[in-house]
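**Student:** Before anything else, here's the structure in question.
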Amino acid sequence: MQVILAKHAGFCFGVKRATQLAFQAANIGSETYTLGPIIHSPQVVQRLEEMGVIPVDNVSEVETGGTIIIRSHGVAAEELEAAVRANLEVVDATCPFVKKAQEHVATLSKEGYDIVVVGDAVHPEVQGIVSYAAGRVYVVSSHKDVERLPRMSKIGVVAQTTQSFEHLHEVVAACLARGGEARVYNTICDATAVRQEEAKKLAGAVDCMVVIGGFNSANTMRLAQICLELLPRTHHVETASQIDEQWFKGVKKVGVTAGASTPKWIIDEVIDRISAIDKDKIS
């Protein structure tokens, strides 16, 4: 059984940067916290906790003088301001792509644009982006949501960084159909687009797909969805322990990809587990 790993599986630039900052802070040994999970990988969060980096929900949980790390998804503007007011040492690990989306929203809002954010309203990244709008702001998950919005003469559009370009294009087309001026910033991360395209090609060339990543990871769930649409024998797992050998009955080629928050050690463990199943079948 051949196992094919996607070229760009695993950590993207923003996640790699955030985790490096968190592990560096852990090695210093001072009291360190993250505002929410540093990335959407329970295994990475657990490893950091074991090293003394604790996730908290609010700035108020951190004592004055402590260090707080802003997660890769970013936080709401008011949360960042609260950390500064509390005299905490702030390590900003916000993904640069997310930061750019926040900046675009702030600028567009100041220039009188109503903001449309394409994404998941309950995702922490989107909640953070929305907080930078000074005026009206709407979150839409599809082009159909645009039809329910009020008429706007000036629309500024940005996207959650893990959205697909096709999805953004559909929403923009719906905004333009309603008339008025529209200014659009493509804030989708390049790594997201590359991973999704690779997943499509790989799913079309194998008998079974395994997608690795947190069940709370938006980009991993999107990868799994893309693969599932092309290949019914697609399985989403967080760890190697969730692999079922029954998945590989009659399979000659297995494709493996992983979300942007999935560490290499978990990818390696999953591949080792699949390879071990293959050896057992042979023996």
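Each residue, glycine too, has its Cβ placed from N, Cα and C.
Annotations for this protein, taken from Swiss-Prot, read as follows:
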ACT_SITE  E125  active site, proton donor
BINDING   C12, C95, C189  [4Fe-4S] cluster binding site
BINDING   H40, H73, H123, T161, S217, N219, S261  (2E)-4-hydroxy-3-methylbut-2-enyl diphosphate binding site
BINDING   H40, H73, H123, S217, N219, S261  isopentenyl diphosphate binding site
BINDING   H40, H73, H123, S217, N219, S261  dimethylallyl diphosphate binding site
**Student:** Which value in Å gives the longest Cα to Cα span across the dimethylallyl diphosphate site residues H40, H73, H123, S217, N219, S261 as recorded?
**Tutor:** 15
**Student:** Cβ within 8 Å of the dimethylallyl diphosphate site's Cβ centroid: which residues qualify beyond H40, H73, H123, S217, N219, S261?
**Tutor:** I39, S72, E125, T162, G214, N216, A218, T220, G259, A260
**Student:** At the level of the C-alpha atoms, what whole-angstrom distance separates C189 ([4Fe-4S] cluster binding site) and H73 ((2E)-4-hydroxy-3-methylbut-2-enyl diphosphate binding site)?
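**Tutor:** Taking the Cα atoms only, C189 ([4Fe-4S] cluster binding site) lies 12 Å from H73 ((2E)-4-hydroxy-3-methylbut-2-enyl diphosphate binding site).
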**Student:** Hey, of H73, H123, T161, N219, S261, which of those binding-site residues are within 10 Å of C12 ([4Fe-4S] cluster binding site), Cα to Cα?
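**Tutor:** If one measures from the Cα of C12 ([4Fe-4S] cluster binding site), the binding-site residues that come within 10 Å are S261.
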**Student:** What count of other C-beta atoms do you get within 10 angstroms of the C-beta of C95 ([4Fe-4S] cluster binding site), across all chains shown?
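**Tutor:** A 10 Å sphere around the Cβ of C95 ([4Fe-4S] cluster binding site) contains 24 other Cβ atoms.
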**Student:** Using a 10 Å radius around its CB, how many other CB atoms surround H123 ((2E)-4-hydroxy-3-methylbut-2-enyl diphosphate binding site)?
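**Tutor:** A 10 Å sphere around the Cβ of H123 ((2E)-4-hydroxy-3-methylbut-2-enyl diphosphate binding site) contains 17 other Cβ atoms.
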**Student:** Can you list, in sequence order, the residues of the same chain other than C12, C95, C189 whose CB lies within 8 Å of the CB centroid of the [4Fe-4S] cluster site?
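**Tutor:** So the extra residues in range turn out to be F13, G14, V15, S72, P96, F97, V98, T161, A191, T192, A260.
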**Student:** Taking the Cβ of H73 ((2E)-4-hydroxy-3-methylbut-2-enyl diphosphate binding site) as the centre, how many other Cβ atoms fall within a 10 Å radius?
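**Tutor:** So the number of other Cβ atoms within 10 Å of H73 ((2E)-4-hydroxy-3-methylbut-2-enyl diphosphate binding site) is 30.
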**Student:** Are there any residues at least 6 positions away along the chain from N219 ((2E)-4-hydroxy-3-methylbut-2-enyl diphosphate binding site) with a Cβ closer than 8 Å to its Cβ? List them or say none.
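**Tutor:** Set apart from N219 ((2E)-4-hydroxy-3-methylbut-2-enyl diphosphate binding site) by at least 6 residues yet with Cβ under 8 Å, we have T162, T192, R195, G213, G259, A260, S261.
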**Student:** Considering only the binding-site residues H40, H73, T161, S217, which fall within 10 Å of E125 (active site, proton donor) when distances are taken between Cα atoms?
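**Tutor:** Neighbours among binding-site residues, in sequence order: H73, T161.
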**Student:** Given the binding-site residues H40, H73, H123, S217, which lie within 10 A of C95 ([4Fe-4S] cluster binding site) by CA-CA distance?
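**Tutor:** Near C95 ([4Fe-4S] cluster binding site) by Cα: H73.
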